[in-house]
């Protein structure tokens, strides 16, 4: 098809189909993608601000409070001490009290936000005396730092991705694009964790999303810079590393000078890391001190009741009692690599844009299920690529979002965020079933006849809804005080495993399609 005849999303010359009158957002679409994105962004900001009015991690809970205090304390440390002392235990920096354990880019972000807090409320970042600081103005300023980070990094990355994705997949309707933007921006788990619980995942995920958009736009060097920045903000972005590595390697191997292409990417990666780590490269000990803070193996292979393999199987196999930490590190590394390997091999053999998105999902799921020291909040990483692929397979995506929210329910209850949890869940039901939308039609058309699998999934879905009520209203037996947390974990884990199998199969099915396309081209 001629490029001039292809209807690109966001152009004013795209004509409206007669059957689009039922789409809720259609009255917004005549002015183009940017105007549409701004309208949806305003709604996304409103949702975030509403959630931020509620409680947060560790509110009024001394002596260490929670993640809110950890982020505030990092601001306190970075604005009062030189960069060389941020990761070193001293009389002024007690690492046992929320010591910095994220890469340097998080420290720089804390420094910038700390300067902002010190300008408006100096007491909130005063060394020592600000511990547990919870004034109204302090909380308002802290919430604003998350909201502004979201607005400056995650939101533009979503717009970049939408432009890149629908430039490649130009068949998309504008109404579908509108719902896709909504699904990415109104990610209920991300909103709850960042603007309720209190974290800055919007920065690392935003940088990773921008890197994905750069890959789709064939700007591989830019993608390397952005993904390295994401890695240097939160080490959990390593969940995406196998997908980036295998896809870029597969592309380089198909070019005229593969070694040169690989060298260029390697130099960009090394250069980006060198710039971020510059204050700690003056000595080997300084760099190792930072690295030691990024891998807290002393915490054990799991904490709390996270829906991954190690925690779920510990009901039967007491991993921490039977094996030393060093052995568990080896077990988790081998299991994670083996789980990632099929997805990586597929992208090395047949790299493609869609395969890369599936690779991101499968890689991050493998890390979530099998890696060392996984948190409930880590489900945000598989959710990001799942949301990017949401328009491809709506039913599995809806179930994944449901169980991702469900797996975080005990954490939400501890933070007193039940009301925003329910409100976001209700909002998602509306978003995932747009009246008259083609996405909802695709869901109904994609419905399969009644089978054992669909019956089991329905029962599991209903079971999770019942468990919500039971968790809030019934006291567990004294002998098993964490019974309900364990049931939530088991139910969520079973779905995540099935979902991982499904998405790996979907990714490998792309190989046959690509091989068939290549043969057709050669015949012509």
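Placement of Cβ uses the backbone N, Cα and C atoms for every residue, glycine included.
Bear in mind that TrEMBL entries carry predicted annotations, made automatically and left uncurated.
As the structure is a computational prediction, the values presented were derived from the model and not from experiment.
Taking TrEMBL as the reference, the stretch among 109-125, 177-193, 228-244 described by the feature transmembrane segment is residues 177-193. Of the candidate ranges 64-80, 81-97, 200-216, TrEMBL annotates residues 200-216 with the feature transmembrane segment. Most Cβ pairs under 8 A with the transmembrane segment (417-433) among the ranges 177-193, 200-216, 265-281, 331-349 are made by 177-193. Within the same chain, residues 83-84, 87, 103-105, 220-221, 224-225, 228-229, 232, 248, 252, 287, 289-290 sit at least 6 positions outside the transmembrane segment (265-281) and bring their C-beta atoms closer than 8 Å to a C-beta of that stretch. The transmembrane segment (200-216) and the transmembrane segment (140-165) are in contact, since at least 3 Cβ pairs between them lie under 8 Å (pairs 6 or more apart in sequence). Remote same-chain residues near the transmembrane segment (480-501) are listed as 304-309, 311-312, 315, 339, 362, 365-366, 368-369, 382, 396, 399-400, 403-404, 406-407, 409-410, 457, 460, 463-464, 467, 470-471, 474 (criterion: CB distance under 8 Å, separation of at least six residues from the stretch ends). Within the chain, the transmembrane segment (177-193) has long-range Cβ neighbours (under 8 A, six or more residues past its boundaries) at 9-10, 23, 25, 28-29, 33, 36-37, 40-41, 43-44, 47-48, 51, 155, 158, 161-162, 166, 199, 201-202, 205, 377, 379-380, 383-384, 387-388, 390-391, 401, 404-405, 408, 412, 417, 420-421, 424-425, 427-428, 431, 434, 437, 439.
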